[in-house]
Amino acid sequence: MEPNDSWRVDSEFRYTLFPIFYSIIFVLGVIANSYVLWVFARVYPSKKLNEIKIFMLNLTMADLLFLVTLPLWIIYYYHEGNWILPKFLCNLAGCFFFINTYCSVSFLAVITYNRFQAVTRPIKTAQATTRKRGISLSLIIWVAMVAAASYFFVLDSTNIELSKTGAGNLTRCFEHYEKGSMPVLIIHIFLVFSFFLVFLVILFCNLVIIRTLLTQSVQMQRNAEVKRRALWMVCTVLAVFIICFVPHHIVQLPWTLAELGFQSGNFHQAINDAHQITLCLLSTNCVLDPIIYCFLTKKFRKHLSEKFYSLRGSRKCSRVTTETGTEVVVPLSQVPVNSLKK
C-alpha cells in the first residue's frame, strides 16, 4: 500500500492523553464490571433473572467487550498512532468499539423504558412476565449490532501515512476517509440522527419518571427511600448519556464532514481536537454503567454494602498487646466500647 497524501490534520496531544486515560479506564472498568458479573453469578440464579437484570447483564458484557480491546488502543497511541499489531486486530478493535457504543445506548434505552413502565403502569408491570421479553429484546439488540459491526470487520481498516518527522511511514487504524465519500457521510448521518432520536425518547421517559415521582405523596419513610433511589437512578442514566454519548454525537457529523474534505483549515483542526476528547468521554461509560446497578437492584446494593462494611470491620480489628509483650488480634466485637474511643 502506497503512502497517501498527508492532507489530514492530527491532534498530537492524544498520544499522551489516550495511553494514560485508557489505562485508567481499563483498570477501573475491568474491576467494576467483573465484580458485577461475580455478584450476578453469586446472588442471582439464572432462572430468576427478570427483564431489567437481563438488560443489566448484557450491558456489562458489552462493556467488557470494549475493555478487552483497550490494551490494543493503548499500544496504538503509545506508538504515536502507528498500528504495529496484526491488521485483523485493528478490525476487531473497531468492531468491538461500535458494538459497545450502540449496545450500551440500546440497553440503557430499554432499561429506561422498563423503569418508565414501572412508574407509569406499576400494576400492569408487576403482573407481567417479562423474562422472555428481556431475552428476546437482548437477542435482537445483539444480532442487529453485530450485523452492523461486521462491516468494520471486513473493511480495509488500515492506511499508510508519511510520518511528519520524516522517520518513515505510519500505519493508521480507522483514520482514513476518501475525500467526498458519500456512503461514509450517509452512514454517519444515519448513526447520529438515530442516536438523537433514541436520546429524545430516553429524555422524555426520564422526565415523565421524575415528574411522576415528585408528584407522588410519600406516606412512609421506606417509600421516601425508594423514591430517592429511583430519582438517583434516573439522574445517573441521564448523566451517562450526557457525559459519554451526547458530546461524541454532537461532534461526529461536523468532524466527518471535515475528514471528507468539506471543511478545512482551522475548523478541521479544532473539530479534530474536540473529537479526541469526546472519544475519551465515550469510553467512560464502561466505568459509569456499574453505578446504575446500585440504584436498580436491592440485592446488589445489599451485597456491596455488606462487602464494604466487612472490609472496614476487618481493618478496624484492634491490636491489643498483653503484659507479656505478645501481640494478639482481638475481633472488634469483643473489644470494650470505651477502648475504641480516642
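Backbone N, Cα and C atoms are what each Cβ position is placed from, and that goes for glycine too.
What Swiss-Prot records as N-linked glycosylation site, among Asn58, Asn169, is residue Asn169. In Swiss-Prot, Cys173 is paired through a disulphide bond with Cys90, chosen from Cys90, Cys95, Cys244. Relative to the membrane, Ile160 and Ser264 are recorded by Swiss-Prot on the same side. Put simply, Cys90 (disulfide bond) is 17 Å from Asn169 (N-linked glycosylation site) when counted between their Cα atoms.
Most Cβ pairs under 8 Å to the transmembrane segment (55-74), among the stretches 17-38, 92-113, 134-155, belong to 92-113.
In this chain, the transmembrane segment (185-205) lies close to the transmembrane segment (234-254): three or more C-beta pairs between them fall below 8 angstroms, excluding pairs fewer than 6 positions apart. Non-local neighbours of the topological domain 'Extracellular' (255-276) in the same chain are 7-11, 13-14, 17-18, 177-181, 184-185, 188, 248; each lies 6+ residues outside the stretch with a CB under 8 Å from one of its CB atoms.
In sequence order, Leu72, Trp83, Ser157, Thr158, Cys173, Phe174 constitute the residues six or more apart from Cys90 (disulfide bond) in its chain with CB-CB distances below 8 Å.
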